[in-house]
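Enquirer: One structure is given below, represented as structure tokens, and several questions about it will come after.
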């Protein structure tokens, strides 16, 4: 016989229910306290912080506002800019009998949109790999001379230092989908400036200060972490600051080529050279703390590969006090820890590159990452969790500032 389950007497059951009620009530004040977190605490993700994120990640198709600057612990006058370069009808194809490889490097060089080198070979041969004899030429932003002048020795007359928030590059095909033939590969790599005192074989003996860029060897081979697609898919990619801080870097003067005169590419330890061209058009103004973006576009003989190139950079300068630009400078925004944390989160979350058509939704993707990050932060104990709790208000703030 199956034993009967013992049942609690009705009186005891009622007492048990009554005993649970105070526990349920005790949770309510905590919920009320969470809901009552003031808007001031939530504003730790500030409007300048959101403007900084928008400048760094949003396409200038919608907004070219450079924001208020980078909201870190720097205190001083800054000049924020969002430089934009657009080139339409770019032909990546060669003659009907030529295979063409176009190399583009987006470097953190103020005033320069990107550096380009084109290599060709008569079909069926493929273009040779990059060597020390190859030269990358500068493609400047339209306002280069207004900020850096027309002589190499006066580059720092207006601004003394700079730092980047982001660099962005987009290639948008405009050719017929039945006529193209080729592909696009994108990868990234660390680059840095090196400066050495190089001895010269002269009488009497002398030396020369030589600038060079280390890390350009990454351009010689497609990196393991890469984006590779058909040319017709295009590409959008960006680089942001992965360093712990946002240091300023000096504007260089008197540099038009890397390496400089009297020093060979091999002696400087570079895989190829950079040439900014005429000083009245462009120049080499320095290297910031961002990873370089390497792009290789291939086109087969007889193909019709045309596209629009659009690149932009969110950058901050320290203007000289004796210039007219100084009156347009503003105080660097107060530190916004939440905005900087979300900037790092986006840095870790975004892929090397995406298809060009996905660029239109870039800011929407960033907003989703922001909301997800703030939701996760609301479960963190301490001040960060307290600030992030009530994420619905942050979402409303983001929505108000969205495009």
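Backbone N, Cα and C define each Cβ position, glycine as well.
Annotations per Swiss-Prot:
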REGION    1-32  region 'Disordered'
DISULFID  55-314  disulfide bond
ACT_SITE  61  active site
BINDING   157, 217, 269  Ca(2+) 2 binding site
BINDING   245  Ca(2+) 5 binding site
Enquirer: What is the separation, in Å, between the Cα atoms of residue 269 (Ca(2+) 2 binding site) and residue 314 (disulfide bond)?
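Expert: About 30 Å separate the Cα atoms of these two residues.
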Enquirer: CA-CA, which of the recorded positions 55, 157, 217, 245, 314 lies nearest residue 61 (active site)?
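Expert: If we rank 55, 157, 217, 245, 314 by Cα distance to residue 61 (active site), first place goes to 55.
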Enquirer: What Cα-Cα separation, expressed in whole Å, is found between residue 55 (disulfide bond) and residue 245 (Ca(2+) 5 binding site)?
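Expert: Pair distance, Cα basis, whole Å: 18 Å.
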Enquirer: Please report the DSSP secondary structure of residue 269 (Ca(2+) 2 binding site), reduced to three states.
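Expert: Looking at the DSSP assignment, residue 269 (Ca(2+) 2 binding site) belongs to neither helix nor strand, so coil.
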Enquirer: Using a 10 Å radius around its CB, how many other CB atoms surround residue 55 (disulfide bond)?
Expert: 27
Enquirer: I'd like to confirm something. Which of the recorded positions, 157, 217, 314, has a Cα closest to the Cα of residue 245 (Ca(2+) 5 binding site)?
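Expert: Of all the candidates listed, 314 is nearest in space.
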Enquirer: Sort residue 314 (disulfide bond) into helix, strand or coil using the DSSP assignment.
Expert: strand
Enquirer: About how far apart, in whole Å, are the alpha carbons (Cα) of residue 217 (Ca(2+) 2 binding site) and residue 314 (disulfide bond)?
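Expert: The Cα atom of residue 217 (Ca(2+) 2 binding site) is 26 Å away from the Cα atom of residue 314 (disulfide bond).
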Enquirer: List the Cα distance (Å, whole number) between residue 314 (disulfide bond) and residue 157 (Ca(2+) 2 binding site).
Expert: 21
Enquirer: Relative to the Cβ position of residue 217 (Ca(2+) 2 binding site), how many further Cβ atoms are located within 10 Å?
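Expert: The Cβ of residue 217 (Ca(2+) 2 binding site) has 14 Cβ neighbours within 10 Å.
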Enquirer: Given the recorded positions 61, 157, 245, which one has the fewest other C-beta atoms within 10 angstroms of its C-beta?
Expert: 245
